[in-house]
Amino acid sequence: MRDRRRSRRPAALLAAAALAFGTAACGSGSGSARNDDPNTLEVWTRSNPDPAATYERVFAAFTKKTGIKIDYQPVINFDQQLQSRASTKDLPDVMINDTALMGSYQGQGLLKPIDPASIAGHDQITGKTWSSTVGIDGKHYGIPYSRQAQTLMIRKDWLQKLGLKAPTTWQEMLSVAKAFATEDPDGDGKADTYGMVVPGSAQNGYAAWWGASFLWQGGAQIIEPDGKGTYRAAMDSAAAVHTVTWMKDNLFCGDNGVTQPGALTAVTSTATNFQDGNAGMYMTGPYNIATFDTTPGKDKYEVVPAPAGPAGADVLADGENIYFGARTGKTKQEQALAAFLISPEGQKLAMTGKNQPVVRIPVNSTLDAAKVRDDARWSVVQKAYEDASQQFPNAPDFAPIKQDTADALNAIFTYCGGDVRSQLGELNETLAGDLKDQDLLT
Amino acid sequence: MTATVPAPAARRVFGVLGKKAVVPWLFLAPGLLLALVFKFWPMAKGIWLSFFDVRPFLGDQWIGLDNYTRVLADHRFQDAIGHTLVLGLGQSLGAILLGFALALLLEGQARSLKILRTAVFLPAVTATAVVGELWRLMYYPTSDGLLNSGLHLLGLGPVQFLDNPDIALYSTMAMGIWIWAPYNMVILLAGLAGVDRSLYEAAAMDGVSLWQRLRYITLPAIRPALMIVLTLATIRGLRVFTEVYVLTGGGPAGSTDVWMTRAYTLGFTRNDIGGASAASVVLLCVTLLLTVMVNYLRKRGEAR
């Protein structure tokens with residue numbers, strides 16, 4: 001009995017191995033078939049269904065114009081999907097995703113370098129905007145597509161009811177927030193309103209993304225270039241300690257109701273208090289304008305520049321770049337698509353329509369956001385981007401830096417008894433370690 | 001590619017063993033194949049990658065055990081071990097106890113019990129993401145939230161279920177128990193159905209108390225079912241991920257970060273696939289070890 005059982009094993013292994021080889025061969029065959037068509041580009045964007053509809057319109061116009069087909073994939077968990085595609089060494093041809101990810105992608109070798117001169121219409125993008133796509137080795141790795149800066153969305157009707165003005169400084173913002181929380185601006189007789197919405201979770205680095213504007217306004221930096229191509233961690237500066245202490249004491253550990261309940265575990269998709277009509281301020285990107293026009297309603301809120309801190313009113317600027325996947329072999333078609341996307345026609349298409357716009361501030365300098373949309377609020381955003389904004393440094397792999405900063409900020413805001421200076425000191429050491437991992441530490 | 005089946009070799013093997021030996025394997029082949037492609041191959045790949053600095057487009061670099069030392073030395077992973085153990089143990093034991101209580105209460109043939117059992121089983125078949133959203137609403141930290149409005153009536157609260165780093169882990173645990181108790185209930189119900197009724201009757205005649213009946217009849221009789229539940233719960237408890245990810249994302253201040261959420265962050269937010277693989281391999285080894293141990297204890301118990 002025992003002998004017989006043992007002798008079955010080879011048969012089983014053989015059968016299994018044969019079947020496995022069969023499927024493996026089929027798998028690779030069908031995978032390459034889709035990408036072999038030279039006239040079809042696989043394009044990925046990180047989009048929900050609503051903005052994806054805008055992209056579809058843009059790509060349809062491109063196909064009509066050039067005959068190049070687009071296999072469009074809106075991907076919500078973009079980076080997870082991209083990592084698994086990278087492991088098969090078969091990337092999408094063109095990707096449109098956040099500016100802050102360029103260093104990370106380039107560091108992994110996922111991107112083709114780009115010569116700006118090879119993109120038709122490249123001269124309509126300003127030198128300053130182009131400079132934001134220069135990688136660590138001095139080459140360009142992305143083509144600017146859309147830019148934005150954070151602004152303050154604030155409930156106009158609540159301000160009027162309480163006889164207040166839109167805040168222009170941190171102090172004013174704090175008093176408005178307290179008034180929103182305590183003086184019943186929605187008039188239902190219940191204490192169910194909050195000052196401002198904060199996506200303060202460390203998940204996906206949200207705390208750092210939202211907190212960056214405050215850091216800039218307080219005169220702090222997360223990492224600083226030293227002019228020699230390397231960086232130093234800067235979160236232990238006096239300005240950083242002062243800023244983070246102010247945020248902690250006033251927004252998270254001060255009076256109840258200044259921020260929405262659950263702020264420290266909220267990500268942007270769960271921080272819906274502004275739409276829900278129970279929070280009065282939200283510092284966020286302009287893509288939300290379309291959403292907020294429906295709820296709470298276009299007449300109920302206004303878009304104003306961010307209140308200034310001790311060092312100014314700079315906000316976080318970010319946006320999307322067009323990236324070409326490494327080793328895809330369809331450079332000509334990719335360049336044609338990029339040229340269309342940055343052309344006035346391509347940009348206008350992506351800025352208008354009934355769905356969420358995918359180009360916020362156009363990178364094409366011949367266009368004006370407020371004029372294209374016939375909406376003066378967009379000039380507030382454009383002005384913030386042009387005059388008072390800073391991006392995350394684009395050359396290093398910023399993903400670990402952002403995540404570590406978010407982890408630390410979230411912890412500082414959670415434990416009200418902690419010592420900010422020593423906690424930021426620890427963060428600074430972690431950041432120095434991140435830079436060292438990339439051989440970028442001064 | 002159908003010709004890949006090495007026909008002569010196969011025929012020789014088939015000839016030696018005869019049809020009888022091959023047929024069962026043919027029936028098993030689809031399952032084996034699926035396991036191979038979707039389980040064992042990715043697992044082997046994961047173990048392989050854990051020794052590399054993974055950069056698919058620049059060439060992976062062999063770095064030996066560096067990933068392992070980095071993961072094991074990271075204080076956030078060390079914190080995560082504690083959270084994983086507390087959450088895994090609490091959630092497993094809680095779910096087994098509650099599952100056992102539910103099974104005792106809902107055992108029987110009456111139609112009303114069947115309906116109740118179905119209702120109670122619902123959490124186990126609901127998508128965890130949906131459950132997470134539901135519990136986020138129930139845990140809403142003002143008196144508008146379901147749980148807090150209840151506490152408000154009693155003059156208590158509001159409790160920051162998810163935003164207080166001292167409570168968040170236990171809030172997650174409560175949700176985990178709610179999800180997994182009905183699952184355990186079903187396995188234990190099957191065990192209870194197999195208990196010899198005559199023993200209960202004999203016990204009733206001897207006039208034993210409820211507790212004695214549980215301790216000396218029910219528990220020994222459902223021991224195999226309990227062991228299955230325990231093994232499954234141990235494995236599940238250690239690789240807990242979805243419950244935490246949908247409810248708190250590991251926050252606030254990392255107070256609910258468990259081993260797998262840490263590995264996920266490392267792999268997909270920091271793009272360190274090698275490190276994430278190493279973390280997963282460590283978990284695999286620990287789980288394997290624990291499963292073998294539970295099995296050993298069970299066998300020793302049975303032998304006794």
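The backbone N, Cα and C atoms fix where each Cβ goes, and this holds for glycine too.
Nobody curates TrEMBL annotations by hand; they come from automatic prediction.
As written in TrEMBL, here are the features:
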DOMAIN    B:81-294  domain 'ABC transmembrane type-1'
TRANSMEM  B:21-41  transmembrane segment
TRANSMEM  B:80-106  transmembrane segment
TRANSMEM  B:118-138  transmembrane segment
TRANSMEM  B:167-195  transmembrane segment
TRANSMEM  B:216-235  transmembrane segment
TRANSMEM  B:273-297  transmembrane segment
Two-stretch contact, the transmembrane segment (B:167-195) and the transmembrane segment (B:80-106), at least three Cβ pairs under 8 Å: yes
Leading contact stretch, B:80-106, B:118-138, B:216-235 vs the transmembrane segment (B:273-297) - CB distance under 8 Å: B:216-235
Surrounding residues of the transmembrane segment (B:118-138) on its own chain - C-beta under 8 Å, 6+ positions past either end: 102, 106, 145-147, 162, 171, 175, 178-183, 185-186, 242-243, 245-247
